[in-house]
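A.B. asks: If you scroll down you'll find the structure; I have some questions about it.
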Amino acid sequence: MADMKSINVVIDRKQVSVAPGSTILDAAQSIGIDIPTLCYMRLHNTEYKCQPASCRICVVEVEGRRNLCPACATPVMEGMVIKTSSMRVLSARRMIVELMISDHPNDCLTCTKSGACELQDLARKTGVVDIHLSGKSQSEYEIRENKAIVRDMSKCIMCRRCEQMCSDIQSVHALSGVDRGFESVVGTAFDESLDNTMCVGCGQCVAVCPVGALMEKDDTDQVIKALADTDMTVVFQTAPATRVAIGEEFGLEPGTDVTGKLVTSLKDLGADYVFDTDFAADLTIMEEGTELIDRLNKFLNGEKTALPLLTSCCPGWVNFYESNYPDMLDLPSTAKSPQGMFGAVAKNYFAEKLNIDRKKMFVVSVMPCTAKKIEADREELKEDGNPDVDVVLTTREVARLIKLANIDFVNLPDGDYDSPLGESTGAAVIFGVTGGVLEAALRTVYEVLEKKTLPRVEFEAVRGFDGLKVATVTIVGQDINVAVAHGLSNARKVMEEIKNGNPRNLHAVEVMACPGGCIGGGGQPYHYGDGDILKARTNATYQIDEAKVIRKSHENPAIKALYEEYYEEPGSEIAHHQLHTRYTYRERY
Amino acid sequence: MLRTRSPDFERSKCIHMAKINSIEELCNVKAKALEAQKNQKITILVCGGTGCKSANSDLIVKNLEEELASENLADRVAVLMTGCFGFCEKGPIVKILPDNTFYTEVKPEDAKEIIQGHIVNGEKVERLLYKDQNTGESIPDSKHMNFYKKQMRIALRNCGYIDPAVIEQYIREDGYQALAKCLTTMEAKDVIQIMKDSGLRGRGGAGFPTGLKWEIASRYDADVKYVVCNADEGDPGAFMDRSILEGDPHSVVEAMAICGYAINATKGRVYIRAEYPLAITRLENAIKSAREYGLLGDNILGTDFSFDIEITFGAGAFVCGEETALLHSMEGSRGEPTTKPPFPAESGFFGKPTNVNNVETYANVAQIILKGADWYRSIGTEKSAGTKVFALAGKINNVGLIEVPMGITLREVIFDIGGGIKDGKKFKAVQTGGPSGGCLTEKDLDTPIDFDNLIAKGSMMGSGGMIVMDEESCMPAVAKFYLEFTKEESCGKCTPCRVGTTRLLELLTLICDGKGEMKHFDELRNLSQVIKDTALCGLGQTAPNPVLSTLDAFYDEYVAHVVDKKCPAGVCRKLLSYKIDVNKCKGCTLCARTCPNNAIEGKVKETHVIKDELCIKCGACMEKCKFGAISKG
Amino acid sequence: MAIDSLSKEKFEELGAYIDSLPSKKGELIRVLHRAQGIFGYLPKEVQFFVARKMDVPTSKVYGVVTFYSYFSMIPKGEYNISVCLGTACYVRGAEPVLDEFKKQLGISCNETTADGKFSLNALRCVGACGLAPVVMVGDEVYGRVTKDMVKDILASCLSHN
């Protein structure tokens, strides 16, 4: 049965043959043997892999070797005889977990991560009932937080997943191992606040942290206060990617579309209006698409213009280019992100419509993203100090709020978004996945320029999990070259390419900071390294798009009405004032 | 008090300067150098190792030269500053050839007497001669000193014999002949075969067979391959590699080139501690003059083999002695080890195939090539061929650097070469292998020293530190000392080492502070076992050795700390108490006046009393008491 | 992140050194050695300068600086006192000597006195084991040091001026 090239080993008295290059962990998993791991994480379908072999939880006994071997990093060799759960292995593992806990605060009762903590889980799995160590010292660090992320490094177990993510996948390099020995920790340059570092707030470090060392900044209390305030009109918006993920927090299968339940739950919480960020996404396409058309027209007429146009919906990406590419700040679209546009529409147009002071309106965003918290705090998204978006809650925080309110989410009836900012198209929902913004833009740009209906709505070439996708679309006889990047290291590759003369003549580039796009955002339910979850969320998103009757932003009747009633036309003066923004260079460590 | 300034000048003397293009030309240089040596009737060798230089040996050279000049003897007598003689205990050393007169503890002002007495009048300076510590007799010829009698110098062959700054002197002693032999008469695989047959094992600690390592590295093809020399000697109390680089840097340069030829590598890198300024200077000089002679660079000795060496500085991290950590450090990163495989032979410096050996390993290579595998194999034991350099230190009479054949017993090293324990005290233990090793005791004294025997005894060869302890050394405190070191030097990457060494240290501190309990022994053992079993690299895996070996061999001493709350060696401060003997105290009040904490009470001419609750156990009173009335226990 | 005009020349020297390297790849530690040689220590501004100039993340520079004990972010005193704690020195009583320095200077290891005169650190084996215990003040070596000699050593430093 075994193919000539495969390697035969015995694991726990079971024969198994695996491909060369496989690790003991791979081999064990292939026959259903569970070896606990901690520092190891591989996010399937993406390029993320953290394999420092440093936690030593996954050690196993290999016959003939003096020491135990880490299963995650030891390649199988022909004839290996491996024991994954001998008493020697089990007691070593337990001791290692004891060592970790001995240098970890004992505050599971109040730790937000409790229940989702991989260390807690391991303690149970390895049978730790007491810390049999007399040593007491613990490494203690001040808790540091910014608008998006709370770092409590006393809880850090040095798995380095965050550092790997920040450096390797995001190429942000805000984090590094610092100091050495017992004092070593993952930190920022000079222990600076994240705000002074290259951190973009994407929260991918939070997404992979196994313990409570890295958490989103919890803003649920502010929302509770606003909901309790009868004078306050509380308006919610829900981002595209949240509806295909929040179900996981309540035990539903990844990729379950729970849009209706999400709306109902927010209303049950006491929201006055529940609107859809998707509406604002359609609006974004109108503004950004118009900008792209303008720039393309100029280009086609031989005039000077800034190309390629870079999308600007993703706040992590915006932070990234603001601190990395000061000379290229003319490239990104000036259109605000959908969250930003929604806030502006809500606090201006809608507040006027309700005839209330904007200060009496409290806008809550439900976002898959931690960087959105930073975005909402930008001066450009405020008027007289009053923010267009008051609070951003991540998907995880909203789920906590719903649980806190004792709402039986799974059995909720489906609710409908309120009008008028609740109506959206299929083009808007795909903003949640990599390639989606560009696809939505192409649907509109094509029809506006060609003045005819697209033969096929789907642009398959910009879909999928490849880190960097490049495609060419022919519009009015012109080849329009587009690129799509997700994961900021891929974005850096494109930016360096553009910096070096844009040899591929790119006209438009979409970037989403997080692997997979917003569905893999730093505020989403934890994936625990299962990349299939990202796939399921993606598929669900495209299904929602397919099921929509209207799938192009410019056909959204509510958007048309909004322009007629308030914003005149895309790119108008009032649109510019409220729906566009500007970028500044930020020098950081 | 010894107070000296170590000068930063270093003499570089390159005489020839022309490229050597063939083996014949190399032999010509050698012949000339031999001729030059013959013409000098007398040679005065002055030790220029770090220890002796710290004690002002530069000034000795200067004074000797001035003295010779004033006697018009400069062309008949040569003064050389050499590498370490090894006999650091009695430095600075001055040795006079051809009759091997060995002067110890020489001061700059002794120069006149040496020249006038020894050189001009032919009378040896009796008071500077080495005295046998047993008989008290002067030993004029160093060959008859016990310290040298049992030594066999291969890696140290030129240390204390040639001027390391003069490449001709290295060439005179068959230098670069081995490289020439390889390049002109041997294929790469033959070189590897000799290395394999010789039985040479890595001298850095683990003892991996060198020939095999080269063979593995030779199997991988790449556009660039590297030969790396690990000179990041970080063991506290070990200075073998530094002495070789200071005393005979060309032996390493030549061997690296040979290795390059054997594994088909063209680039060499020496990773050296930045704290070794003298070794760095001498190595830089050696590389420079080897380049000038065409013994490094393109088309060495007129062949198509090219090889060059660069130096990279360490920055103070013991863990960088581990080869993967070393390579990361060379790449400009944190020196954190990575899991093997891949081994450096496959993916090393910047991902290229790399062979890493330490200084002492390389220092053996040229001799093996010249004298053959059988010759080398005939020295030492069956599984550990050759010699080993040890840095002998601690409570021993002859502190210094020695090279002995493998298989010699600890007794011979400590009592014959080392001259026994200082101040006639009793031998208690010897620590080998530094922080990775363990303590060996009386019962191990007759064990032949080799890689495997030491491991079997719970210690290891390590890089060759050998620290001797007497009855005044407290073994739990020694274990604690080593754990303080490993805890501080742990890189922090893997859990067992990062947290485990801290916990071990905490347990040992409890014991030494008298807060230990019997259950702590089990904790120490269990934790040590897991750290050995699971740590990522050698530093962690061996960190518990000092604990386990002392716990086994000196269990009673541990128990005394825990049960009796006593430190039998009188080291652990918190367990000491100072007492004034009523019969001896004269009531002079000196102790009371000395006590920094006013813990001593008593009136003039009345017996004084130490108040235990105030005593900070500093021992100042005991040192000051003229009547020996104060004792500790 | 501003560069003090007083140290402008030093930054220029460091910049020129970095520019003179044939390749910047892997040379971070070499450059930091040089930077510490020029500035005496590695303050934030210098690390940031190196990071930018070498095109290496600042976090990485800081990670490297904090990893290696040779690098210091605190300026060294006029007299840098290093007590060898190698095993040979330890066994021959280096620890009480170090304690005495700490006591007399009122600082711990890796600290500098408030007047900037003295800094204290422990190091591992300078290789003068024959002279154990050894203390180095700058590049001066004191051998066979005892507790009682500490006072004199400090006094002789001050009398140098």
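A Cβ is built for glycine as well, from the same backbone N, Cα and C atoms used for every other residue.
Pulled these features from TrEMBL for this protein:
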BINDING   C:C84, C:C89, C:C125, C:C129  [2Fe-2S] cluster binding site
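I'm curious about the neighbourhood of these features; can you describe it?
C.D. replies: Residues near C:C84 ([2Fe-2S] cluster binding site) in space but far in sequence (CB under 8 A, at least 6 apart, same chain), listed by position: C:A94, C:A122, C:L123, C:R124, C:C125, C:V126, C:A128, C:A132, C:P133, C:V134, C:V135, C:M136.
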A.B. asks: Using DSSP, would you call C:C129 ([2Fe-2S] cluster binding site) helix, strand or coil?
C.D. replies: helix
A.B. asks: Count the Cβ atoms, other than its own, that fall within 10 Å of the Cβ of C:C129 ([2Fe-2S] cluster binding site), considering every protein chain shown.
C.D. replies: 32
A.B. asks: Applying a 10 Å Cβ distance cut-off over all chains shown, what neighbour count does C:C125 ([2Fe-2S] cluster binding site) have?
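C.D. replies: So the number of other Cβ atoms within 10 Å of C:C125 ([2Fe-2S] cluster binding site) is 30.
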A.B. asks: What number of additional C-beta atoms lies within 10 angstroms of the C-beta atom of C:C89 ([2Fe-2S] cluster binding site)?
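C.D. replies: Excluding its own Cβ, C:C89 ([2Fe-2S] cluster binding site) sees 31 Cβ atoms within 10 Å.
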